[in-house]
């Protein structure tokens, strides 16, 4: 074996010049002598990286084990929405028939975008903003996704605090959401499910519903978003516990978070399996599961079914939050990110499908127990996991034990997703502002404390209104817009062929034609369609019968636009600060930073027709 630079000599026709390294520093060529035939030596060559280093020359922290990375990605992608969103959409949109559009969009958009972000982060080994040295004009989209992750943290941590509050409340012999004789109950509280019998009964509320809205949220003490009141001390303490857990999971980087996910990413599967084994033994469970899986292919003729499937794909995989980029940036350079993308995205979808059996076995039981149609108990969102499911658990023998198990599952589902969002913000900003590298612990503390202070608005008497507003605007249209710009920047401006060469450097082979076509044409068209649909089908937020005032909607849109405007604002800033005429500025802005010397020589790939046509 000969290791070192190849003396070309008389073998110039055998070895082609290597592509200039983008950001990985100097590489050596390892040559393995295979055989000599007719005076010609045939060799095999591979690129060897001298070490896993940060582009700045510093050592880049890497995952302790490969499984740490996989569990972190799975833990982030598999979150509360897998439990409370997908099963309901499947039931509402034709049962098993819903899997047709869901899997279709998964294959043409979900997996390609998931693969794209993993490869982007692993090759460039920086966070969501730093990776755009490949095309500086688009660096604003990095700040867009960082802001979105930060905004989501403002309210997502509150859901975990609710679960923690329920967990503490479950350590009792008599669960507090069983009866109507508590101090928070109203005269409208009823133990009977009679919502479909008379018009007067539509104002009745179950003990579980009143416990959530009146016992936990204290919604009765607020008249709307303009009457928030002080933070509830019980929820504030729960939120503080969540923040402390997040801080000590993240303060040392992936070395600590990679160990935490061994519990938070695996526990939900254990609990879901236990709940399923219990659920299928309940009367009516099979009826619920049959309803979940019932196939109605006629529903596929409805546009809403396809829109719901596309929306679920966009948000369930976690693309566009910068988390996948941040996590993969800590991988070893030669890690097989293609295999990781297939494995983790598939596990995410299978988990959504599997959770449906758990949810609908209990919903079928509730339907039979109260002698009401399944439509009366089937719902999605927080109402499913904080009202319907706790009520179902309360009717079981040993209900307190089952409640503890269920809310531990919610906690673990939420914690690792929250960790991913926080890591996106921390890694993205630390890699962009290098001086923060030496102060990661302090910067992490600053981020989590800031998140805690903003989240206090969501644990006031009217906090559910702030929560609803953030949930509606923080990561809706803005995240679709962010992923669209990301896909255009990589596939068109940086070049799908160049991106494929980067992947070949890492895993030894270029992506197939299918992936390249999806990146360049299919996924951007899909995302553009979703952005248009999100604007066209926008419905103002509401909570029950409460309609938000105009000023609240304006604030919500300002929040959404604040992240999206980072794309044009940074692009204008970049073009204004570069030297030379506009054409030269544009050339520098769309050329990778490591190739700026080519611009000086007039070699600009993006100014050639071949760059835009090649796949």
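For all residues, glycine too, the Cβ spot is worked out from N, Cα and C.
Here is what TrEMBL says about this protein:
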type     : residues                                : note
TRANSMEM : 69-87                                   : transmembrane segment
BINDING  : 75, 77, 78, 82, 316, 348, 413, 416, 417 : Na(+) binding site
TRANSMEM : 99-120                                  : transmembrane segment
TRANSMEM : 141-168                                 : transmembrane segment
DISULFID : 180-189                                 : disulfide bond
TRANSMEM : 233-250                                 : transmembrane segment
TRANSMEM : 262-285                                 : transmembrane segment
TRANSMEM : 305-327                                 : transmembrane segment
TRANSMEM : 347-366                                 : transmembrane segment
TRANSMEM : 386-413                                 : transmembrane segment
TRANSMEM : 442-467                                 : transmembrane segment
TRANSMEM : 473-496                                 : transmembrane segment
TRANSMEM : 517-538                                 : transmembrane segment
TRANSMEM : 550-573                                 : transmembrane segment
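Sequence features, as recorded in TrEMBL, placed on the structure.
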residue: 75; record: Na(+) binding site; Cβ neighbours (10 Å): 27
residue: 78; record: Na(+) binding site; Cβ neighbours (10 Å): 27
residue: 180; record: disulfide bond; Cβ neighbours (10 Å): 16
residue: 189; record: disulfide bond; Cβ neighbours (10 Å): 19
residue: 316; record: Na(+) binding site; Cβ neighbours (10 Å): 23
residue: 413; record: Na(+) binding site; Cβ neighbours (10 Å): 30
residue: 417; record: Na(+) binding site; Cβ neighbours (10 Å): 27
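Highlighted in sequence order, 74, 76, 79, 81, 318, 351 have their Cβ within 8 Å of the centre of the Cβ atoms of 75, 77, 78, 82, 316, 348, 413, 416, 417, the residues recorded for Na(+), and are not part of that set. Same-chain residues lying 6 or more positions outside the transmembrane segment (69-87) and placing a CB less than 8 Å from one of its CB atoms are 63, 118, 159, 254, 257-258, 261-262, 264-266, 268, 292, 312, 315-318, 323-324, 327-328, 330-331, 335, 340, 343-345, 347-348, 351-353, 355-356, 358-360, 380-382, 384-385, 410, 413-414, 416-417, 419-421.
Counting Cβ pairs closer than 8 Å and at least 6 residues apart in sequence, the transmembrane segment (347-366) and the transmembrane segment (473-496) reach fewer than three and form no contact. Candidate binding-site residues: 78, 316, 413. Nearest to residue 180 (disulfide bond) by Cα distance: 413. Taking the C-alpha atom of residue 189 (disulfide bond) as reference, the shortest distance to any of the binding-site residues 75, 316, 413, 417 belongs to 413.
A contact between the transmembrane segment (386-413) and the transmembrane segment (99-120) is absent, since fewer than 3 of their C-beta pairs, 6 or more residues apart, lie under 8 Å. Sequence-distant contacts of the transmembrane segment (305-327) (same chain, six or more residues past either end, CB-CB distance under 8 Å): 69, 72-73, 76-77, 79, 81-82, 85-86, 89, 92-94, 97-98, 101-102, 104-106, 109-110, 113-114, 117-118, 120-121, 127-128, 131, 142, 145-146, 148-149, 152, 254, 299, 345, 348-349, 352, 417, 420-421, 423-425, 427-428, 475, 479-480, 482-483, 486, 526-527, 529-530, 533, 537. Within the same chain, residues 105, 108-109, 112-113, 116, 307, 310-311, 314, 476-477, 480-481, 483-484, 487-488, 490-492, 496, 499, 615 sit at least 6 positions outside the transmembrane segment (517-538) and bring their C-beta atoms closer than 8 Å to a C-beta of that stretch.
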